[in-house]
């Protein structure tokens, strides 16, 4: 099995093949980002705050509407809080004003209180530019793999090792 590594040309071809797979995945992600006008067009629900609408591990597909279009009450959006890395999936429950200057208040369907405590210090409401995108579709539980990989880092190492071995040992 490892005899294929003795030929440097074949080993280089395998390495290039692996790089091609990674770069293709990256280009597909960036292309999807451009099409959806969202820096993160696919997100995973990380908590139970949106139950029963979305469960932990659901994979959400986002579409970021044009900033000039209205964002409506009842719409499920994903937003980033300043200085925090994890996007939040919650529903818009109140809207003050109209257009790009509208102020938005969000809340998780399974939460008792609104999100004002989650917003950045001194921020009482979200603005349209805080929204990463609106949820347009989802696939139940597919994103649970991501949750497992973040909760158990050793799984990530095992998966990467297996993928690397498959690429190296594959014969063409």
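Each residue, glycine too, has its Cβ placed from N, Cα and C.
Cβ-based neighbour count (10 Å, all protein chains) for residue 49 (active site, charge relay system) stands at 19. Annotation source Swiss-Prot lists active site, charge relay system at 49 (among others).
Residues or ranges marked as active site, charge relay system in Swiss-Prot (evidence: similarity to another entry): 90 (among others). In sequence order, 49, 50, 76, 77, 79, 106, 107, 108, 109, 111, 115 are the residues near residue 90 (active site, charge relay system), counting only same-chain partners six or more apart with C-beta under 8 A. In three-state terms derived from DSSP, residue 90 (active site, charge relay system) belongs to an extended strand segment.
Per Swiss-Prot, the feature active site, charge relay system maps to 115 (among others); the stated evidence is similarity to another entry. Other Cβ atoms within 10 Å of the Cβ of residue 115 (active site, charge relay system), summed over all protein chains shown, number 21.
Per Swiss-Prot, region 'C-terminal short (CTS) helix' is recorded for 158-169, and the stated evidence type is similarity to another entry.
Feature annotation from Swiss-Prot assigns topological domain 'Cytoplasmic' to 1-14. If you take every residue in the topological domain 'Cytoplasmic' (1-14) and average the pLDDT, you get 69.
Taken from Swiss-Prot, the feature topological domain 'Lumenal' covers 36-172, and the record attributes it to a curator's inference.
Here Swiss-Prot flags 15-35 as transmembrane segment, drawing on sequence analysis.
For the region 'C-terminal short (CTS) helix' (158-169), the DSSP counts in helix, strand and coil order read 12 helix, 0 strand, 0 coil.
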